[in-house]
There are 4 protein chains.
Amino acid sequence: MTMSHRMKLRSFESVLKNYKAVFLDSFGVIKNAHGIIPGVIDSVNTLKEMGKEVIVLTNDSSKSPALLAQNFRRLGMDMVNEENIISSGMMALAFLKNKIKKGTIVYVGTKQSSFYVEETGRNFISIRDFNLKDIKDVSALVFLDDEGYDWQMHLNKTINILRMKSIPVVVANTDNTYPVSSTEVNIATGAIARMIEKISKKKFIYFGKPDSQMFMFAYERIVNKKNLKRNEILMVGDTLRTDIMGGNKFGLGTALVLSGNTSENQMRTYIKSTGIIPNYICPSIAMDHY
Amino acid sequence: MTMSHRMKLRSFESVLKNYKAVFLDSFGVIKNAHGIIPGVIDSVNTLKEMGKEVIVLTNDSSKSPALLAQNFRRLGMDMVNEENIISSGMMALAFLKNKIKKGTIVYVGTKQSSFYVEETGRNFISIRDFNLKDIKDVSALVFLDDEGYDWQMHLNKTINILRMKSIPVVVANTDNTYPVSSTEVNIATGAIARMIEKISKKKFIYFGKPDSQMFMFAYERIVNKKNLKRNEILMVGDTLRTDIMGGNKFGLGTALVLSGNTSENQMRTYIKSTGIIPNYICPSIAMDHY
Amino acid sequence: MTMSHRMKLRSFESVLKNYKAVFLDSFGVIKNAHGIIPGVIDSVNTLKEMGKEVIVLTNDSSKSPALLAQNFRRLGMDMVNEENIISSGMMALAFLKNKIKKGTIVYVGTKQSSFYVEETGRNFISIRDFNLKDIKDVSALVFLDDEGYDWQMHLNKTINILRMKSIPVVVANTDNTYPVSSTEVNIATGAIARMIEKISKKKFIYFGKPDSQMFMFAYERIVNKKNLKRNEILMVGDTLRTDIMGGNKFGLGTALVLSGNTSENQMRTYIKSTGIIPNYICPSIAMDHY
Amino acid sequence: MTMSHRMKLRSFESVLKNYKAVFLDSFGVIKNAHGIIPGVIDSVNTLKEMGKEVIVLTNDSSKSPALLAQNFRRLGMDMVNEENIISSGMMALAFLKNKIKKGTIVYVGTKQSSFYVEETGRNFISIRDFNLKDIKDVSALVFLDDEGYDWQMHLNKTINILRMKSIPVVVANTDNTYPVSSTEVNIATGAIARMIEKISKKKFIYFGKPDSQMFMFAYERIVNKKNLKRNEILMVGDTLRTDIMGGNKFGLGTALVLSGNTSENQMRTYIKSTGIIPNYICPSIAMDHY
């Protein structure tokens, strides 16, 4: 796992032979702002034909797995269904369901993202609609999306909730930014939550790659079907800090693809400066790219 | 300067005798959300009668010193004029004037706060009005206020400016929050800027207490009139991390007042946990309070 | 899980009824600097008689589980054997075994701690004995203990290894300090590693509570014997940031005990300020304490 | 001050004409591990002949200015005397003298570095010799050097002092590392102090570039002789984060030299990634280098 021999690009096809299952990040690996990345549909079909399990692992808590799958289908990719998608929102949902037994959960995000609090069976309310006078009812707060509320008005409200009451705060997406075009990014939920955490001096509970919990969740799902060892699974992602760091730590094989967040130039500098070293580097998951 | 003997409250009057000048924080010392703090007008009048210089030192870059003075007058306090108010915005202005010789300065804040870029003589534009297509013209960016723009839309624009061009970024207010009522706070410019700094991985240039530059600026103003030593000046503030830390470091006497950010309970815990130790603790600057 | 009703102390006995297994932190729960904490031996015997599984979960990578068990026996506690002890060092060992296939692993720690690199089957060498001329052989570095080397000489050597070569760095103990008497602490491996990480600008891989991986490891061990749900397991610890945070996040019940790191006074302030909220607070695990 | 036109190297001679005084960093600008950097003696002589004031500004608190000057003389550079050397230790000394009126100051460093506490006129003692039983006498603690004590034994003692008593803690050198050969560095006082600060959760008081206080101290010294404006002074340094950041913020002209910490390759990446932009970049201060 030293770096020297890994800095050369390999075709995705050539790295597959040692693995019986593949975990794919979504944004930057399967799709980008323009739709499904060229060659990906054929590639996932081939993976299926080869008998390899395919699971999508995404730091996305803005939509339910069902809606994420529906989006894939609309873009022409119908072989990844709801059961094969694991979102960071699902970790937050599991935590909230298990640990919050009463009261109202305040969520910061869109109506669509509220899926992850609705499924807990608890009362829930958007930060937008919540009134500070009802502070006594609040039992938890969860960051789900960067959309669906007015940042100034409702982050100020969030800070005051946390000053008034000591409650568990869950962050369902650890990312700092997400791409919105080939040149521009938007600030993501993780960065917003870390600002609020720092101001409030609380300790928030973060879910999403590189945290082990998501990998474990995906691993358990696969182990129930096939009895695989961790090193028989390949994690494929476009981000060193989340996909590769998390995959390495969990004991999976890891492949960095250059079809998203990380360009070929940046890759060399960033691997060297951080010491986060993937097992392989591939241009994308398209089979015939090289 | 050990802590034990300092934890008891003293009247403001009793701590004045060793000092020939007084630096006053504004918010939490002179005024709060309800107006001028009771007893303060009499107290400042008495200071003047005693022949002590009074300078207001504020981490406020939302208004010009002239407007800040006008606000004081409107609240009935007419003995603090523009010349005796030093705002963190003035440090930012001095830096920009000195170091940015051409191009356009983008400011993040209200129309009123734009005073601090207008005075540089450079071109300037609000983040609200700026178009990313004009990125080649931008020579600096400055955070002035938490109002005057849409946080989501325009902080996303800010991030993309910093991704596209390497420019000096100035933060004219280092505070994390400011009080808006007796129980609620709002997120301040410092916290917003630190989020953007962390995401963009740049190094921003911060002005405002506890940084020495503001104390030096006030000190130079006073030294021109009277030849005072630093330990003949008393810094009075309601915040340990900015007013007291900065005053101590600069070599001034320091008095914490309990009329703002810091309550009597919090004070003991916070002094002990941080080791930021004021020379004196007073209920407020009202003369006859104790 | 809101705070109010949880701030009162409960006897350990009274909180057990909903749980079929108990995870115990070691230092501050089972033992302290003076030996086994009073009442603990009887308590663990009672747990066993009740048919509850007992697992020890410790952020200790200074000794093998066999040696940790031997230490317990020497102190008179013979019912916790090697198979029931899970140390953070075991996570590091699993990672290194899985991901480092060749080269030499440099370890920072004592001879005893080298168990966790020896078991990988790779070459290994102490930072003390390593010569920078052999940098080409190094494939990973692991922090195991704060003892066994000269901090100045060998941490300087560590920094230079990381400047010369980009390799995975593993931290097998995330703690900042550990108690050495009732009033004094020592700096622990986690704090040292974070200093080196910050200077070197790398991203280290941390194992140990509150990280989910250790909880998962313990959980898998228990699930193989009995088919338990997560909320049928109680994590008992003396530290909010590691034991309680990690247990809550993993979905376990959590009990803070006041027999170690956290005193009754500190507990109220710290729970309130951080928002890390245990399900229960008990004086210790002694059964008849209350 | 935008970046594009600044990325080309200029001769030091060519950038001098707009400046009446020059502030020089010591390590990496005047000297390195091998002695005085080639061409520097002639260059400083020329500066003097041109009538430009020369002041040395160094984050070095391991020796008194007198000893620093003596070292320069021993290396053949006799035109920089004690009066023209300003060390970060002098800021710490001024603070301690002004603010600590009684008790014992504990210093962390060598016997030579104790100059900066001895000059305060207070009692002082090395961390090496201090006994925790005398905690009641301690009134301040100051980090002066990374040498002169056993890191493990005496940093553990330092942590326990700070747990037992709330006192001001001063850090007289903010650097993370310093070069000891062309390929190796050592950990510096700043990094050690930040580790202790983080563990102890206190707020330490840091002196040294980029903090404005040192620039102000040097500026005041020069203003007393000649009435210079800030932008008539050029700060020359080999480190962007300290020399250039601090000089820019204080309003000086800034020149990065490539004779020390920063190589030509690193320079482009680091300026771009941080946004810390010098006015000029020169190979070194040797006059005829280009």
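Even glycines carry a Cβ here, placed using N, Cα and C.
What TrEMBL annotates here:
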- B:Asp25: active site, nucleophile (ACT_SITE)
- B:Asp25, B:Asp238: Mg(2+) binding site (BINDING)
- B:Lys209: substrate binding site (BINDING)
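Recorded residues B:Asp238 (Mg(2+) binding site) and B:Lys209 (substrate binding site) have their alpha carbons 12 Å apart, per Cα-Cα distance. A gap of 10 Å separates the Cα atoms of B:Asp25 (active site, nucleophile) and the residue listed as 'substrate binding site'. When Cβ atoms from all protein chains are considered, those within 10 Å of B:Asp238 (Mg(2+) binding site) total 24, not counting its own. Just so you know, the Cβ of B:Lys209 (substrate binding site) picks up 28 other Cβ atoms within 10 Å once every protein chain is counted.
Within 10 Å of the C-beta of B:Asp25 (active site, nucleophile) there are 26 other C-beta atoms, taking all protein chains into account.
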